[in-house]
Amino acid sequence: MEVIKITPRGYCYGVVDAMVIARNVALDPTLPRPIYILGMIVHNKHVTDAFAEEGIITLDGENRLEILEKIDKGTVIFTAHGVSPEVKRRAREKGLVTIDATCPDVTKTHNLIKEKLADGYEIIYIGKKGHPEPEGAVGIDPTRIHLVETMEDVERLTIENDRIMVTNQTTMSQWDVADIMAKVKEKYPHVEMHKEICMATQLRQEAVAEQAKDADVTIVVGDPRSNNSNRLAQVSEEIAGTKAYRVADVTEIDINWIKDAKKVAVTAGASTPTPITKEVIDFLEQFDPNDPNTWKRERKVPLQKILPKVKAKKE
């Protein structure tokens, strides 16, 4: 069986930056304890488990404001997905030390939205309902930012404003965004369009669209809550025409998916640790459908290998 290692795949710079920021916080003895992350720093349980080993507490919940109410003291890290101005204000009110690990691409979209709101625009924001990135973006001004996920959501919009801008969550499928933007343009011909798919997401999606075409099956290594990982599986099926399965790690691979495959493509979400993906590739490369001894799927990557290395600060 041939394993097609789709390139590029895995960690993007926004994810690495966020993890390095969080690790440096853990190593800084001057910062007040406890140290919390407001939601998952990135959508990967292996990463949050590794941070737990370092004494960083990940708090999750329905929304960032709700999670914040659980914290009375210490240091709070804002995740790569960004937060609303209201969350930042509330953290200041509570006297918490805050560290912002928002991805620069998300910050860029927030700044664009703020600029357009100041010019009197209403914003249509294409994103995944219940995901923290749209929550942070829409939270800039919930009365003038309209979250849409589907064509039906667009049809339900009733905006009466000469100034309308449409933009999007950075990790959406670029094909879905293009389709929804076209629908918005049809409904509001005067709309100003700003496609904000981040370059890392775009390159990874295009790589799957092209490189998974020849495979019998695609394995996407990524957390179930990772939007960009789920979109890679979608791109494999809808654009490359190759059946795809998303797995959190090697233990979730079903032998039935691969036993008859001649070629298996492998990619990974932007928040998937490289050693976790390597373990999947190593398993597939040694897999023999006729030898049950090669079927054992066991995750052996220690948590210490999950996070990027940083230098400890000298006291």
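Yeah, the Cβs are placed from backbone N, Cα and C, and that goes for glycine too.
According to Swiss-Prot:
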- GLU133: active site, proton donor (ACT_SITE)
- CYS12, CYS103, CYS198: [4Fe-4S] cluster binding site (BINDING)
- HIS43, HIS81, HIS131, SER226, ASN228, SER271: dimethylallyl diphosphate binding site (BINDING)
- HIS43, HIS81, HIS131, THR170, SER226, ASN228, SER271: (2E)-4-hydroxy-3-methylbut-2-enyl diphosphate binding site (BINDING)
- HIS43, HIS81, HIS131, SER226, ASN228, SER271: isopentenyl diphosphate binding site (BINDING)
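Features recorded in Swiss-Prot, as mapped to the structure shown.
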residue : record                                                     : Cβ neighbours (10 Å)
CYS12   : [4Fe-4S] cluster binding site                              : 25
HIS81   : dimethylallyl diphosphate binding site                     : 29
CYS103  : [4Fe-4S] cluster binding site                              : 25
HIS131  : dimethylallyl diphosphate binding site                     : 18
GLU133  : active site, proton donor                                  : 26
THR170  : (2E)-4-hydroxy-3-methylbut-2-enyl diphosphate binding site : 28
CYS198  : [4Fe-4S] cluster binding site                              : 23
SER226  : dimethylallyl diphosphate binding site                     : 25
ASN228  : dimethylallyl diphosphate binding site                     : 27
SER271  : dimethylallyl diphosphate binding site                     : 29
Spatially, and counting Cα to Cα, which of the binding-site residues is closest to the residue listed as 'active site, proton donor'? Options: CYS12, HIS43, HIS81, CYS103, SER226.
HIS81
Once near-sequence residues are set aside, which residues in the chain of HIS43 (dimethylallyl diphosphate binding site), 6 or more away, have Cβ atoms under 8 Å from its Cβ?
ASP223, ARG225, SER226, ASN227, SER229, GLY269, SER271
Need the DSSP three-state call for CYS103 ([4Fe-4S] cluster binding site) to compare against my parser.
coil
What other residues of the same chain, not counting HIS43, HIS81, HIS131, SER226, ASN228, SER271, have a CB atom within 8 A of the CB centroid of the dimethylallyl diphosphate site?
MET40, VAL42, ALA80, GLU133, THR171, ASP223, ARG225, ASN227, SER229, GLY269, ALA270
Residues other than CYS12, CYS103, CYS198 within 8 Å, Cβ to Cβ centroid, of the [4Fe-4S] cluster site?
TYR13, GLY14, VAL15, ALA80, PRO104, ASP105, VAL106, THR170, THR171, MET199, ALA200, THR201, ALA270
Measuring Cα to Cα across HIS43, HIS81, HIS131, THR170, SER226, ASN228, SER271, which the record gives as the (2E)-4-hydroxy-3-methylbut-2-enyl diphosphate binders, how far apart are the two most distant ones in Å?
15
Roughly how many angstrom lie between the C-alpha atoms of THR170 ((2E)-4-hydroxy-3-methylbut-2-enyl diphosphate binding site) and HIS81 (dimethylallyl diphosphate binding site)?
9
About how far apart, in whole Å, are the alpha carbons (Cα) of CYS198 ([4Fe-4S] cluster binding site) and HIS131 (dimethylallyl diphosphate binding site)?
16
If you measure between the CA atoms of HIS81 (dimethylallyl diphosphate binding site) and CYS12 ([4Fe-4S] cluster binding site) and round to the nearest Å, you get 13
